[in-house]
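Here is the structure we will look at.
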């Protein structure tokens with residue numbers, strides 16, 4: 001995973017709540033067996049509308065998505081995170097994320113930042129009035145900054161440490177392989193098995 | 001202080017607990033399918049890792065599989081390639097696979113329980129958000145992303161922060177004609193699509209205890225639509241009776257030891273939940289969705305709401321957008337909504353009890369002119385059971401299409417899709433924009449409402465059928 005320390009970029013204000021994963025990346029894109037090449041599927045249905053915010057010329061090259069509450073609801077598809085990253089987004093800001101989407105994002109180095117809705121409103125107003133306005137997402141300081149806006153955000157220390165260092169979860173877990181083996185040795189015999197051993 | 005069901009199962013699976021770290025949880029059962037696993041197997045290959053516990057891992061094919069002509073090569077080359085990738089990966093790593101055509105193939109969340117692999121007090125994961133289904137057995141079951149699929153394949157564990165717990169207490173009995181699907185849709189409408197976010201739900205109370213295992217699975221299945229990763233129901237005699245004798249259920253002394261443990265899996269009387277919601281079952285009636293998220297639902301007897309009635313600006317805007325997408329007018333009675341397609345199936349309502357309920361209403365009746373009805377069993381086994389009971393004949397005689405098992409029109413990754421502008425009554429779990437096909441419009445319903453809707457051509461409940469004589473005498 002790529003490390004995330006701090007990022008500054010222009011924003012895309014997405015004034016929609018309940019942006020579900022079927023909107024982020026429709027199911028027919030899920031047939032791909034790679035982690036890349038999903039950028040054209042991002043918000044595919046909404047992008048058919050030339051007025052959709054992502055299609056506006058002033059939003060090209062923007063890297064911070066500022067969305068309404070309950071972003072990423074629905075399916076567990078990690079493809080939603082890959083699509084956002086493939087398109088060029090580095091961070092997503094919302095007042096509430098769906099759990100599975102949030103977990104997936106943090107495992108891929110896409111920083112999902114939870115801010116109060118009133119801060120999200122302020123970011124929408126700022127970036128709608130001035131599309132060139134830059135937003136900084138600073139993981140070291142746990143802070144989002146833009147003109148006239150400074151807001152701190154929470155992220156548990158363990159997730160932050162993994163992101164700052166770009167650490168691979170599996171390697172970390174395997175450092176505790178003895179604990180896993182000990183646990184396995186104590187599992188009851190009645191637990192289900194898919195294969196006869 | 002006592003512990004909740006979720007806390008008990010959680011505690012029994014902690015491999016490692018350390019200050020400032022998420023708990024490392026052991027995973028008892030890992031279910032795989034073709035869509036969310038290829039990149040995980042690639043990751044294993046790149047880092048030279050193996051599957052740690054092949055005996056706790058099982059795969060099937062469901063999302064992409066066609067429901068017609070399953071003995072012929074799959075027409076869509078991309079779907080075919082994805083299924084072939086799963087087959088290659090399972091062969092290379094040694095994972096048990098039930099491919100299309102196999103008697104145990106089907107929607108992954110129907111297959112696990114019917115094999116008896118889903119058991120009380122186990123941890124179950126799958127790269128699919130509807131893994132919450134398995135919580136019906138008192139298992140802690142949740143959907144995971146592909147990075148976590150790789151993590152479980154490599155380590156049989158997952159680092160997880162412990163969620164909070166929420167009790168959903170359903171008092172009283174469900175009235176005649178009101179199903180588990182109506183109940184869960186009503187719960188989601190009440191707490192909202194984000195209401196369960198950060199919680200494990202425990203459904204409890206008289207109405208829940210009286211439900212069959214199939215109905216409990218319908219409830220737990222849709223926990224994720226309320227934002228909760230997992231939903232659970234304490235195991236009881238209904239659970240044990242369902243499991244006894246299934247291919248992977250414990251036997252002999254193991255069965256006795258298992259049941260002894262399973263009986264401890266109840267929330268203690270002095271345990272405290274972080275939140276509680278109370279529902280009175282007796283106030284419920286058939287429930288359907290009108291909007292584009294599962295929280296946008298109402299009793300079938302109601303009308304399409306007026307977006308102006310929402311105080312919250314973002315809810316108001318969401319309702320406006322939903323009505324525009326759905327092609328509905330505020331104030332329009334829900335019963336007046338005509339459909340083109342009826343879909344019975346999915347991990348929510350594709351089990352034998354669901355098919356029986358739909359068939360009972362269709363027996364001797366006809367699907368309305370201009371309506372297409374698809375009946376897709378949740379698994380090949382469910383399909384065989386239905387055939388042995390003659391349900392396939394009932395469906396076909398009524399004018400419905402009887403298909404092979406898979407996810408099918410729930411998400412339209414195979415050819416079973418809505419055309420733009422088409423409207424469905426669907427027993428599945430998500431009414432998102434375009435979920436069942438680009439531009440398609442979905443109303444979530446129970447199997448009973450689906451069958452009544454198919455006969456009358458507009459959203460309807462079984463009670464509406466008795467108002468008009470729709471059965472031919474011979475069929476009664």
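The first residue you see is number 1, and the count goes up from there.
Keep in mind that glycine also has a Cβ here, set from the backbone N, Cα and C atoms.
Among the features that TrEMBL reports, [4Fe-4S] cluster binding site is placed at B:347, B:407, B:410. Non-local neighbourhood of residue B:407 ([4Fe-4S] cluster binding site): B:62, B:63, B:65, B:107, B:346, B:347, B:413, B:414, each in the same chain, at least six residues away, with C-beta under 8 Å from its C-beta.
Annotation source TrEMBL lists region 'Disordered' at B:418-442.
Neighbours of residue B:410 ([4Fe-4S] cluster binding site), defined as other CB atoms within 10 A of its CB across all chains, total 29.
In sequence order, B:62, B:63, B:107, B:109, B:130, B:345, B:346, B:348, B:350, B:378, B:406, B:408, B:411, B:428, B:429 are the same-chain residues whose CB sits within 8 A of the CB centroid of B:347, B:407, B:410, the residues recorded for [4Fe-4S] cluster being left out. Applying DSSP to the region 'Disordered' (B:418-442) sorts its residues as follows: 0 helix, 6 strand, 19 coil. Look at residue B:407 ([4Fe-4S] cluster binding site): DSSP puts it in coil.
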